Amino acid sequence: MKLTCALIITVLFLSITADDSRGKQGYRALKSIAGMLNSKTVRECREQSQGCTNTSPPCCSGLRCSGQSQGGVCISN
């Protein structure tokens, strides 16, 4: 009888704690990857001395991309 009661209490405790943790800790790696991707797309233009290519965001105003074909750099006009 004591074992049955202890088992029921344990199952109830585990079911209560399982509901509390739901959705708080899932897929941390995916969240961090999504955060990194979003941080790269927020930037609208490349600053001076940053790399630039045909597919990257354009250089900021007053700058131009020098040497795009070989992995260019944003420099002053």
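From the backbone N, Cα and C atoms, a Cβ is placed for every residue, glycine too.
Here Swiss-Prot flags 1-19 as signal peptide.
The secondary structure of Cys45 (disulfide bond), as reduced to three states from DSSP, is coil rather than helix or strand. Under the heading disulfide bond, Swiss-Prot lists Cys45-Cys60 (among others).
Sequence annotations record features per position, and here Swiss-Prot assigns disulfide bond to Cys52-Cys65 (among others). DSSP classifies Cys52 (disulfide bond) as strand under the three-state reduction. Just so you know, the Cβ of Cys52 (disulfide bond) picks up 22 other Cβ atoms within 10 Å once every protein chain is counted.
Annotation comment: Swiss-Prot describes Cys59-Cys74 (among others) as disulfide bond, evidence class similarity to another entry. Taken residue by residue with DSSP, Cys74 (disulfide bond) is part of a strand.
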For Cys60 (disulfide bond), which of the three DSSP-derived states applies: helix, strand, or coil?
coil
Want to know which disulfide-bonded residues, from Cys45, Cys59, Cys74, are within 10 Å of Cys65 (disulfide bond) at Cα; which are they?
Cys59, Cys74
Long-range same-chain neighbours of Cys74 (disulfide bond), Cβ under 8 Å, sequence gap at least 6?
Arg46, Glu47, Gln48, Ser49, Gln50, Gly51, Cys52, Cys59, Cys60, Leu63, Arg64, Cys65, Ser66
